[in-house]
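According to Swiss-Prot, the feature signal peptide maps to 1-21. Look at Swiss-Prot and you will find Cys29-Cys63, Cys38-Cys59, Cys42-Cys53, Cys46-Cys84, Cys65-Cys78 tagged as disulfide bond. The feature domain 'TIL' is assigned by Swiss-Prot to 29-84, with sequence analysis given as support.
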Amino acid sequence: MCRYALIVLVVVVVATNLSEANIFDVPTCEPNRIYKTCGPACPPTCEDPDPDCNETPQCKAGCFCIPGLIENMKGGNCISPSLCP
């Protein structure tokens, strides 16, 4: 009986800590961006629309432009490539 009470106590403590840490919350992104847990390490920008990363092919979590748009580094927003300055 004591063993089961201890297991229940551990589960309650872990669940409480996880809910307080907000690990299940998906970050809110700016307009025209979507959150990805594994986005491109070198996303396309107006300045470099077809980046050739010499890095190891890794990904990073964050907010990225939705498909079809690229980042305008001067304005910090995602726009159609045809609108790049």
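Positions of Cβ are set from backbone N, Cα and C atoms, glycine also.
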Distant-in-sequence Cβ neighbours of Cys63 (disulfide bond), under 8 Å, six or more positions away: Pro27, Cys29, Glu30, Arg33, Ile34, Tyr35, Lys36
Which one is closest to Cys53 (disulfide bond) in space, judged by CA to CA distance, out of the disulfide-bonded residues Cys38, Cys59, Cys65, Cys78, Cys84? Cys59
Select the most exposed residue of Cys29, Cys59, where exposure means the fewest other Cβ atoms within 10 Å, treating these as the disulfide-bonded residues. Cys59
Which of these disulfide-bonded residues is closest to Cys84 (disulfide bond) if you go by CA atoms: Cys38, Cys42, Cys59, Cys65, Cys78? Cys78
Please work out which residue of Cys38, Cys42, Cys53, Cys65 has the most C-beta neighbours within 10 angstroms of its C-beta, and give that one of the disulfide-bonded residues. Cys65
For Cys46 (disulfide bond), what residues in its own chain, 6 or more apart in sequence, show a Cβ-Cβ distance under 8 Å? Ile70, Glu71, Asn72, Met73, Lys74, Ile79, Pro81, Cys84, Pro85
For the disulfide-bonded residues listed here (Cys78, Cys84), which one has the lowest count of neighbouring CB atoms within 10 Å of its own CB? Cys84
